[in-house]
Amino acid sequence: MPCLTCEILYCLDNEVCVCIYKLSWSSFKQPSDALILGKIKNVDCVLLARHGRQHTIMPSNVNYRANIWALREEGCTHLLVTTACGSLREEIQPGDIVIIDQFIDRTTKRSQTLYDGQPTSPPGVCHIPMAEPFCNKTREVLVEVARSLGVKCHVRGTMLTIEGPRFSSRAESLMFRQWGADVINMTTVPEAVLAKEAGLCYASIAMATDYDCWKEHEEAVCVDNVLKTMKENANKASSILLTAIPQISQMDWAQTINTLKSMAQSSVMIPKH
């Protein structure tokens with residue numbers, strides 16, 4: 001069952017049939033908002049607003065662990081997420097879509113594991129491999145769908161995640177370019193890491209809204225411009241999701257899911273008593 005953690009949730013509301021709002025609670029406390037359960041194109045789906053449906057939760061305060069835990073407990077196998085981002089490359093223009101395949105972590109305040117040693121958390125210490133942070137099979141579906149719809153799509157890219165909520169300084173933006181980052185946001189980490197620990201197929205549609213602030217003769221990123229481009233991009237991302245979801249549901253994912261779950265389980269070290 002796919003799950004969507006969306007910046008464009010409102011665009012999909014009308015596509016959900018048999019809609020149920022479900023409040024969730026776990027040892028990681030409450031997720032960002034109520035889970036929306038229903039069917040999209042006759043496929044069971046769960047929608048969750050990462051920042052809350054009114055966008056009231058800043059990136060540092062998103063309860064990523066509760067979100068991932070709630071979605072896994074609901075039976076989700078895939079996480080198809082959208083994220084606004086700044087472009088660090090000339091060729092990635094505002095309005096473009098990037099199906100990212102790597103990340104660089106510059107966050108500082110976030111819990112990055114479900115195995116935190118607390119009495120109510122899963123036991124052990126998890127050293128999850130992160131060489132391939134995203135599900136490549138799911139990414140391939142998103143790329144193929146975007147191309148079939150005529151959406152300008154970059155088939156790979158490295159996301160640099162900053163702590164936020166502030167935007168980068170120009171010196172930082174230029175440094176991130178030198179590091180090899182292609183786009184920049186505030187949410188991919190720890191979301192991708194936790195999804196990997198949970199054994200879920202995770203893929204992200206990154207929507208470029210601006211050129212951050214590295215271009216001296218280009219208007220620097222600001223909230224107004226981000227929202228304007230996000231509104232223009234929303235239909236592209238929702239079209240990709242609405243086409244990809246039924247395709248994903250018809251594919252055989254048994255080996256992929258088993259591999260992810262096996263990796264997650266074998267990454268946990270539990271002390272012998």
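If you go along the chain as it appears here, the first residue is 1 and each next one adds 1.
A Cβ is built for glycine as well, from the same backbone N, Cα and C atoms used for every other residue.
Sequence annotations record features per position, and here TrEMBL assigns domain 'Nucleoside phosphorylase' to 32-245.
If you look up TrEMBL, you'll see Arg50, His51, Thr83, Ala84, Thr187 marked as phosphate binding site. DSSP assigns Ala84 (phosphate binding site) to a strand in the three-state reduction.
The Cβ neighbour count for Ser168 (site 'Important for substrate specificity'), using a 10 Å radius and every protein chain shown, is 22. Annotation comment: TrEMBL describes Ser168 (among others) as site 'Important for substrate specificity'.
For the recorded site, Asp212 (substrate binding site), the DSSP three-state label reads coil. Around Asp212 (substrate binding site), the same-chain residues at least 6 positions away in sequence with a Cβ under 8 Å from its Cβ are Gly86, Ser87, Leu88, Phe167, Ser168, Ser173, Ile184, Ala220, Val221. Here TrEMBL flags Met186, Asp210, Tyr211, Asp212 as substrate binding site.
In the three-state DSSP scheme, Val223 (site 'Important for substrate specificity') is classed as helix. For Val223 (site 'Important for substrate specificity'), other Cβ atoms within 10 Å of its Cβ number 8. Marked as site 'Important for substrate specificity' by TrEMBL: Val223 (among others).
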Could you tell me which three-state DSSP class Met186 (substrate binding site) falls into?
coil
The domain 'Nucleoside phosphorylase' (32-245): mean pLDDT?
95
Which whole-number value in Å describes the distance between the Cα atoms of His51 (phosphate binding site) and Tyr211 (substrate binding site)?
23
How far apart, in Å, are the two Cα atoms that lie farthest from each other among Arg50, His51, Thr83, Ala84, Thr187, the residues recorded as binding phosphate?
12
